[in-house]
């Protein structure tokens, strides 16, 4: 191991515990484009540079102003008048010598005019404090190119994020309450044989109390089957009865009192989860039935190729079941018994993954791709997480903005409840309308606040009218948004910078499930909500 | 030139509040992950007079999130470097740094009274308790905060108006009985604790409470006295090393790794084996022998686990080698430091961590446990909580927003904000459901883990029956909701309970603290179940609490300001604690909850 690798391991130790070294590797290979080094923008970048993103490119045509220096930690008064992208890049770069930073002293609009393909190269584009016309243009370019786009905006005491990604696949979704994959309801042959190798009735006390609980449950399940028509204990009463059956198996001492057998206690405790029927979760089933899984071409991403391979496995060798995950939880048992049991599951998982590999290989061949275009490791990781796969599909900005396809139901049903964060969305759309008409946001000059309130009100009404929305926006919000004067208070920017960077890391690492598709934060009430728009 | 710090804030913030930021004085306790972010947020919001205290120095593993520090600062005072870095960017701020413990008596009540506001950015409970008490004594508002991986929380504490940090008992850090550590470890953590003790016994400060040799006074071993005396004599004659301190003995051998190894993993274990009562019900330990291990062919040893070297589990031979190497390194460190020097165990110091990894794993092997990777041992030995920049940034942003409310005296607007799964927000107030039984038995609490033990119990276990009243309390705004439990035989199939009466969507003014509400079975008017009792009725009048619904999450959904559009998320876990949580919270289907008509 090189020194560099060791020092990285040390530096990133606390985050490797969240996304692993392969997550770190994807992060280090990513190239993120961030547009506009405002307070929100530099906060996001800071939170991406620190954990060690590979490369960033800052795009900003603005010059540093006094106001910028007042709310932005990465701009100093000596940088006033300089290009903002350049000034911020210098200081952000200091945060982490492993990250390389570029800057482009150009406005995104100019880049879109001259060479829209400039944006195709990035793993992710983050647009901060952009005018509506710019993010709509950029949104359609990126949508066509298949580059994920994250829009972030701090507007007074409101935070807004919108994620636009056509299709984002997640193998490691890190579910909170994942059940173990033990197959006790449908044991595979090797597991059956292994269970048979135990004879709980003729065992030394020490061995008896060091038999893994999985074996204990499997043994008593056989007993249960013989008395219950080969049916699993299903409801509460039956499970209670099954627990009782296990409890009766605890050895007793010469006085007839039960011994302390922790493995049996574990078995009893785990009855609920252990007897969960093995089935393909509906989210995974949906993935199997998706068109992208059905029609594999030489262009198909490896996620879909492997998904197809797993589907073939499920429909053939797997007899309707996913590949065995191959891990078991820690439990009371002596090393020898534990390792043997663990190996039973692990070996089966390897075997299943090998079968999946064969399917994948055949599939690749059929579309004229070399077998090495997916790695063994990738397939193993996929099989291990087959029950937790996720595909996130966001609606495009075009769909959100078109009067034919906008999500009217979501908007109207949310607006039914008082003070839903949905009103903030409508207000942001209204201030954008204001900007379009007046080339400035409402309330930026104190002397204009009063007249701006009326103008903004007109914008709200015309927005509602255009979309035939029969909802009520309280005047309070119009006043409030005028009062904001499009300011970007640092604390709100800091909050949004943390949230946005976290979502960016999810997108880049393909781990954890990103939000879909609109996030709104109200700093005054400390509430937030997500909507699908 | 004076930078217009507040220029942009005057809009959204009231002018007088903006002005008060210039004059007020605040204390930040801790300059770590949250502290760095917080200092930046404070100066950029317009706070001018800031004092910061931290006794810690900078470590490499801080650099992935504590952005005021760079590699060249490693080993320096966090508070001092944080101050210098902030001043570099914001020269107009007035910052005082203390490289010291806040628990030092110099920081007395008078000291605390210098501030309008105290903000905690700490990482340990002892200091949190201390600052909590000092702030109560000085009557200074405190903002308490913490993060763990993707999770975080911010709470405002103000004497007489909110709960304080210690109002609710926190789960105590787990400690283990001495004889479990010394004689009968049954879990890897016991071996890891033993290995940390061993480090201190050999290289660090000796502590009588951290004995590592066999405990002959183990009550479970219960020898008859004559036996014990005979043993004592026998071991004396063997020149048994327990007569001198472990450190002295180790020093006398010149920290010879082989001698240390054979004492710890062979002789001491053989001695334990003579305490035969211990092994009647347990699997007896298996001593290791240095010479035998050297003879194992290395090809038999298979490293398990993939990825980084840290995440691999070595075999006995591998750990034996690691033991030898780390003892040799630590020995030379000790020599370098000179006569009478001591080493301090630090999870981020590679040789110290190697030593604990090796010693703990060898002991796990002796006691027939599954060995652990260095990565896992480090998590457990260092009580490591995963930490990332993003969560700290979010939490520090929230702290300052609460701070502004405090300076504005808007205490009724202050929130306890919890950051839940994967950077998704969930906002709530502290909420408890207690039984009106005169004893104030708490049934459900928004405090994580506090009422976990209740999950599998029946309501009848608490004496709840027809006519019982449950009281849901929201502390911060003095809001109480009463739930009358009424038994009914007329529930439709699969209907577990019904809520009768309108759920108030807004909290009433404090002058009207009670809202009556009935839960009745059998009434067809089903309203939104806005109470947190996820109860189910059975024909024999027994109710149990749904075991797959975490009380905290259900209470959160019942809190007045969370609408059904809020993202509902279970607590996120970091990968390390996931397995444990599974045990506590079986995600089962609802058949388990009973219910029947």
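Placement of Cβ uses the backbone N, Cα and C atoms for every residue, glycine included.
Owing to the predicted nature of the structure, the values given are computational and were not obtained by experimental measurement.
TrEMBL has this to say about the protein:
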| type | residues | note |
| --- | --- | --- |
| DOMAIN | B:13-410 | domain 'THIF-type NAD/FAD binding fold' |
| BINDING | B:164, B:167, B:427 | Zn(2+) binding site |
| ACT_SITE | B:179 | active site, glycyl thioester intermediate |
| DOMAIN | B:433-492 | domain 'Ubiquitin/SUMO-activating enzyme ubiquitin-like' |
| DOMAIN | B:502-592 | domain 'SUMO-activating enzyme subunit 2 C-terminal' |
| REGION | B:502-597 | region 'Disordered' |
| COMPBIAS | B:552-562 | compositional bias 'Low complexity' |
Inset, instruction - Average the per-residue pLDDT over the domain 'Ubiquitin/SUMO-activating enzyme ubiquitin-like' (B:433-492) and send me the rounded value. - result: 70
Legend entry - Protein Cβ atoms within 10 Å of residue B:179 (active site, glycyl thioester intermediate), excluding its own: 18
Inset, instruction - Tally every other Cβ atom lying within 10 Å of the Cβ atom of residue B:164 (Zn(2+) binding site). - result: 18
Legend entry - Between residue B:179 (active site, glycyl thioester intermediate) and residue B:167 (Zn(2+) binding site), the C-alpha gap once rounded to whole angstrom: 33
Inset, instruction - Using DSSP with the three-state reduction, classify residue B:179 (active site, glycyl thioester intermediate) as helix, strand or coil. - result: helix
Inset, instruction - Specify the count of other C-beta atoms within 10 Å of the C-beta of residue B:167 (Zn(2+) binding site). - result: 12
